[in-house]
Amino acid sequence: MSTEHHDPPGTVLLSSEQSGSIIYQPQPSDDPEDPLNWSTLRKCVNLGLVLSYVLLTFVVLDIPPVAYGQLVEDIGITFQLSNVAAALNFAGLAIGGVLLIPFTYRYGRRPIYLISIAVQLAAAIWAARITSKGEYLASSMLGGLGGAISETIVQITIVDLVFVHQYATMNGVFLVIQGVGAYLGPVAAGYIVQSQGWRWMWWWCVIFIGSTLVLVLLFFEETTYVVAINGAPVAASPKDDNEESVGKEWQEVNTLANTASIGTTPPKSASRPFRGRGATSSKPLRKRLALITHTEGPIKHHFLAPFIILFQFPAVAYTAVTVGSVMSWMAVMISIAATRMIEPPYNFGPSAIGLINLAPFVGQLISGLLAAPFSDKCIVKMARRNGGLYEPEMRLWLALPGAVLVSAGVLMFGIGIAHNAHWGVLTTGIAIFASGFTLALDIALAYLQDCYPNIIGDALVIVVFARNGIAVIILFYLSPWLDSMGLQNMFIMIGVLSFVILLAPLPLLRWGKHARIMTTKNYQYHSLRQPSRRAM
């Protein structure tokens, strides 16, 4: 909810000047079925299942390098083929989000989660049974398709369930759980490969993914909420695209839906109880667990919208480049570590290769659990100093240390492994990188959620597409890049690039609000085409 209709997207009243209490943004309705009003237990059950899904998704995506040595012997894969498989996995991740996320607007979040888990289950079964290089590549791409929505639908669910002042904390928890799957998963996989063989690495995934599928089917509730005014849902507006009509309709929706506008009803805040908050649901369990929650409005728009908004909204471009670059550098580091450290002077076995992943986990854990809540506390304090008004750019100061940490970690690891440094130097570099990586990603995601909550799904589709597209290109050309520049020079180049890219918050701190003002009409246009949206 903007304080006035001319405020840019993301500018909200976050703190009461009178009481100093936090004002809920977005403003929840009085409906007990509004996910923002759910009890803490109900939210925790849903978010717990979502985080379990995230954990297993990143286990499936990140354990393949652990089995590299045995796969060389059993199937005859090479370093180049391993990189191609990783690139195909990223290609699946890029394509799957574009194909599946639009259906979350028509049929709800629940069926898309179930489809994603089912595809991952099939991919894990296939991976456990492969006998050829072709199957190795194909199962890798299927695994990517299955996990494609994990970085998009989870952020949509977070926006469904929590408030602006909780975004960074929830993103931090998401990134920590992602780290548990991505880094501790390979640790466990290393011991499984060493004791039971690489096929059982996948059979254990089948067992856990199958269990998660059952739990989500039985307990995950739909979080889609269509805003209702006088009992009628606010439907998407597909037909009238002219600027004047869009602006008029946006104003009408906000006038009706903003029961907490300044000067009318006092806004709902932490110190002011309101009807609907934590109320018991009156909806039967079978409806809360319905396979499909149908919403009105077209979804064709959502197949193309992500590619349009990348160029319309600087915040989307910033997030896409940030996520795409740091995730690609992480993929390069893990690929180099998994293939170089099985050779002299390291001679690491599968379990030791898996243990390397403890380093990024520690870095991500520290950054995710400390920096993310600190970010949310900081923005509340800065909003109070600003008369209660919150600007999303207030978050960006905390992203700047990420540039230093990421580039320092890359250089320590890259130069170290080029000179056969002690493994402790390499893992320290990875840990430093991971702490900066988490900080940069957490702030970028929270900034995007702050600025454009109504179009977060479309925005994150292109962010994830760009991230995986960048990774595909880098991994396909990693071998020739390495051959042409050498290990040390390649990592020096990555270190410089990462530092420059992660300084993107600087221009946004200066011109970010102006950019949001300039994109207001585009935001209105895309928001009015969302089947479910809130006035902001």
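Glycine residues also receive a Cβ, built from the backbone N, Cα and C atoms like all the rest.
Automatic, uncurated: that is what TrEMBL annotation is.
The domain 'Major facilitator superfamily (MFS) profile' annotation in TrEMBL covers 45-513.
Look at TrEMBL and you will find 260-282 tagged as region 'Disordered'.
Marked as transmembrane segment by TrEMBL: 44-64 (among others).
The feature transmembrane segment is assigned by TrEMBL to 84-105 (among others). Remote same-chain partners of the transmembrane segment (84-105), defined as residues 6 or more beyond its termini with a Cβ less than 8 Å from a stretch Cβ, comprise 61, 64, 77, 111-112, 115-116, 136-137, 140-149, 151-153, 156, 224, 295, 297, 299-300, 302-303, 306, 331, 335, 457-458, 460-461, 464-465, 467-469, 471-472, 475-476, 530-532.
Counting same-chain residues at least six beyond the ends of the transmembrane segment (112-130), those with a Cβ under 8 angstroms from any Cβ of the stretch are 50, 53, 56-57, 60, 75, 100-101, 103-104, 136, 138-140, 142-143, 145-150, 153, 199-200, 202-203, 205-206, 209-210, 212-213, 216-217, 220, 291. Per TrEMBL, the feature transmembrane segment maps to 112-130 (among others).
As annotated by TrEMBL, transmembrane segment applies to 136-161 (among others).
Residues or ranges marked as transmembrane segment by TrEMBL: 173-194 (among others).
Marked as transmembrane segment by TrEMBL: 200-220 (among others).
What TrEMBL records for 307-332 (among others) is transmembrane segment. Within the same chain, residues 86, 90, 360, 392, 406, 410, 433-434, 436-437, 440-441, 444-445, 447-448, 451-452, 455, 458-459, 462-464, 466-471, 474-475, 478, 494, 497-498, 501-502, 504-505, 508, 512, 515-516, 519, 522-523, 526 sit at least 6 positions outside the transmembrane segment (307-332) and bring their C-beta atoms closer than 8 Å to a C-beta of that stretch.
Marked as transmembrane segment by TrEMBL: 352-375 (among others).
Tertiary proximity for the transmembrane segment (396-417) is limited to same-chain residues at least six positions away from its ends with a CB under 8 Å from its CB atoms, namely 326, 329, 333, 336-337, 340-341, 363, 371, 374-375, 378, 425-426, 428-437, 439-440, 443-444, 447, 487-488, 490-492, 494-496, 498-499, 501-503, 505-506, 508-509, 512. Annotation source TrEMBL lists transmembrane segment at 396-417 (among others).
The transmembrane segment annotation in TrEMBL covers 423-448 (among others).
Long-range contacts of the transmembrane segment (455-478) within the same chain: residues 83-84, 86-87, 90-91, 93-94, 97-98, 101, 104-105, 144, 148, 151-153, 155-156, 159, 302, 305-307, 309-310, 313, 316, 319-321, 323-325, 327-328, 331-332, 335, 448-449, 523, 526-527, 530, each at least 6 residues beyond the stretch ends and with a Cβ under 8 Å from a Cβ of the stretch. Per TrEMBL, transmembrane segment is recorded for 455-478 (among others).
Under 8 Å from some Cβ of the transmembrane segment (490-509) lie the Cβ atoms of residues 314-315, 318, 321-322, 325-326, 329, 332, 393, 396-397, 399-400, 402-404, 406-408, 410-411, 413-415, 418, 436, 440, 443, 447, 481-482, 515, all in the same chain and six or more residues away from its ends. Feature annotation from TrEMBL assigns transmembrane segment to 490-509 (among others).
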Per Cβ pairs under 8 Å, the stretch of 44-64, 173-194, 200-220, 352-375, 423-448 packing most closely against the transmembrane segment (136-161): 44-64
Non-local residues, at least 6 beyond the ends, that sit with Cβ under 8 Å of the transmembrane segment (200-220): 45-46, 49-50, 52-53, 56, 59-60, 63, 66-67, 110, 113-114, 117-118, 120-121, 124-125, 127-128, 189, 192-193, 289
